[in-house]
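*Asks:* Copied straight from Swiss-Prot:
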BINDING   77, 78, 79, 80, 81, 82, 83, 84  ATP binding site
């Protein structure tokens, strides 16, 4: 009896294998080779290529060393919080690796002088300033489908005004028009983005929901589609000012990874954004170095390998600016221990309902 049962199982197994092979062959004949495969055989899927954000602590918090290519990323936050700065840093890092980047400036507010200061190569940056939301998303789709673009930034979702709204009159009520536009565009874009291995960064603004009694009243523009299609969502906030004597020279910034499909989410980091210079990389090296035990702090003095960097954080930052080889050495050590730093030293904001419905997956 047991032998008959065993033979039946073996026969079923052989039949299933034959049926599966026949089905796979039929799918490949109908839709082309590579339309279906075993996941482990596809090295492109297993190995995720990333681009640095320009912030060491944020790269570590993201868990994969930066923002992923072939995916949609959303950066949102209040006004003047550093959204465009972070996107421009990502473009600069991609260009350093020889990548081609594009910037769809729907807000018509890109400052080329500031972009150059952040390291962006303006001569090789493609820029478009579209008249309507449809035009912006059509340009985005065409560039992505070309397969030649590495990073494409859309600034911002809130400025993607539907054609019907532009051609209409002030005060016309057109509910849900922008949300439908974004939903349709993202359905069309997602497959092309994955195939072309192009990273598309959508910058978004925050709005207030009326009549919310409990929870955060904040939400992002453009409906819910972007929340679902984005592989990474970053909430960026200004939490303080940096002063030299009485003059404000920068912002203290907090970024929370509110959604991450590639690594554990909810990591939270803080760094400085200096006016006219962008993310303070040396400031991050000092702060992360102290947390990880790479840089020693004794009283007000900072030291590395028994070598004094300076008294006070600002003096230590200046020393690293003047001695880039020491800064590179500290950065290399920190990147080598990225997993440990992310696990032990970066704040975990927790999965509570964040601003703008951030925890939606």
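Using the three backbone atoms N, Cα and C, a Cβ is placed for every residue, glycine included.
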*Asks:* Under 8 Å Cβ to Cβ from residue 78 (ATP binding site), same chain, six or more residues apart: give me those in sequence order, or none if nothing qualifies.
*Replies:* 206, 237, 238
*Asks:* In sequence order, which residues at least six apart in the same chain have a CB under 8 Å from the CB of residue 77 (ATP binding site)?
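*Replies:* When sequence neighbours closer than 6 are ignored, residue 77 (ATP binding site) has 83, 206, 235, 236, 237 within Cβ distance under 8 Å.
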*Asks:* Restricting to the same chain and to sequence separations of six or more, state which residues have a Cβ under 8 Å from that of residue 79 (ATP binding site).
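*Replies:* Counting only residues 6 or more apart in sequence, the Cβ neighbours of residue 79 (ATP binding site) under 8 Å are 205.
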*Asks:* Helix, strand or coil: which one is residue 79 (ATP binding site) in, per DSSP?
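*Replies:* The residue in question, residue 79 (ATP binding site), is coil (DSSP, three-state).
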*Asks:* Given the ATP site residues 77, 78, 79, 80, 81, 82, 83, 84, which other residues of that chain have a Cβ within 8 Å of the mean position of their Cβ atoms, reported in sequence order?
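*Replies:* These residues sit around the ATP site: 236, 238.
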